[in-house]
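Student: Before I ask anything, let me first share the structure, which is written out below as structure tokens.
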Amino acid sequence: MRVAPLALRLICLAWLWPLTQLNSSHFPSKRRYKDMYVGENTKQKQGGRVDLKMKKMDSTKSLLIKSEQLLRIEEHDFAMRPGFGGSAIPVGIDVQVESIDSISEVNMDFTMTLYLRHYWQDDRLAFPSSNNKSRTFDSRLVKKIWVPDVFFVHSKRSFIHDTTMENIMLRVYPDGNILYSVRITVTALCSMDFSSFPLDTQNCSLELESYAYNENDLMLYWKNGNDSLRTDEIVLSQFFIEDFQPSFGLAFYSSTGWYNRLYINFILRRHIFFFMLQTYFPTMLMVMLSWVSFWIDRRAVPARVSLGITTVLTMSTIITGVSASMPQVSYVKAVDIYLWASFLFVFLSVIEYAAVNYFTTVEEMKKVKGAKMPTSYNATQAMAFDGCFHDNEIDLTSFPEVSSTLNTDRNTQSRNSTISAPTEGTRLRRKHPLKQNLSFIMSNSYMIDSYSRVIFPLAYLLFNIIYWSLYA
């Protein structure tokens, strides 16, 4: 009895087993059709095309790891230079000057932005490549390999641009050749000579050198000779760039030895037009303005004194302004010679009027003493001898005239005393012409202004000819 139900169950299972296999073979197809349907709807929503093939995984997701493995960075000690223990490694330098940002005479420095490129070979970074193409990296890989430690001699400030990322490029070729480029702004010292300022020409240089490796370990050289230094079109406000020239030299340090040093030499010639407008032309006008006093009447004391003081103070202001924009050097500059010589001409014009006024007063006092002054005279007549009015504007009829007979007798006596023959044993004294001329000028003080109208302009013209022929 028990065998019959068991046999019946076995028969039912044997009959249902083919149907189960048939249904299981249809279910994956339905799932696949469902996935395709969902993927197709998604593609249509995104406006894309249906791709029935599976996409490959993006190879750049682990690019840095792959590059480190390809370059075998972990297998080498990059704290040591390539070829350690052997000959010096050659490092070529190539520079492209982007701009000269500023030149400061007060601080004696200049600021330059440039692209500094290094070329060398490191066999440790060689990698196999079927197409012989190089690989380019940014600053993240630079920190893990050896790079030359080039620095700028006599630099005050320098930095690598980091907008939007650090401006560093590393390019590695399959044979191990490396190009390392960086964009730098550096402020360096420039020893300037201002003896001819502002008619000067300055020679400045930017010097490159390895800090740790002397000539036995690293050899710096210009990659392409004179063509290794390239410049963009540079326009400066106060200077004209005459020449850019690379050069090479050696530097010796007593404790570490000889080092290779590269020079970027450039010659700057100053534009003179700015200083002509700001310094020279105003100075010339002040000197010529001081000559106007020679045409003003010598008795107009307030007019001539105020004009002289005004020109002197203006010249002092110009000299102070120029000195404030210049370094405190211990030698005389060309602009100092011009300004102080012009100041001397202005100052002499003031002294000239002081002499004219003094001699005029002396001359009038002699006239007063030579005549008998009346006991009573009004204030207007008294002021005629103080140099406040013209002689032709004063009525001097009230003053008594000196007797003509007295003057005639004096002239006769003086003539006789001059013509009389000298006695025996006396020596003839000859009057000096210079003293005679000086006494004549002192007795005719108005002639000082007449001579100054010619002497001052001619002397200043001669000074300008000599000055510009020496410095221009």
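Any Cβ shown, glycine's included, is placed from N, Cα and C.
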Student: According to TrEMBL, which of these ranges is transmembrane segment: 95-115, 305-325, 368-388?
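Tutor: In TrEMBL, residues 305-325 carry the label transmembrane segment.
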Student: So what's near the transmembrane segment (305-325) in sequence-distant terms, Cβ-Cβ under 8 Å and 6+ beyond its ends?
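Tutor: Residues 105-106, 279, 282-283, 286-287, 289-290, 292-293, 296, 335, 339-340, 342-343, 346-347, 349-350, 353 contact the transmembrane segment (305-325) from elsewhere in the chain.
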Student: Are there residues at least six beyond either end of the transmembrane segment (451-470) with Cβ under 8 Å to its Cβ atoms? List them, or say none.
Tutor: 287, 291, 294-295, 334, 337-338, 341-342, 345, 348-349, 352
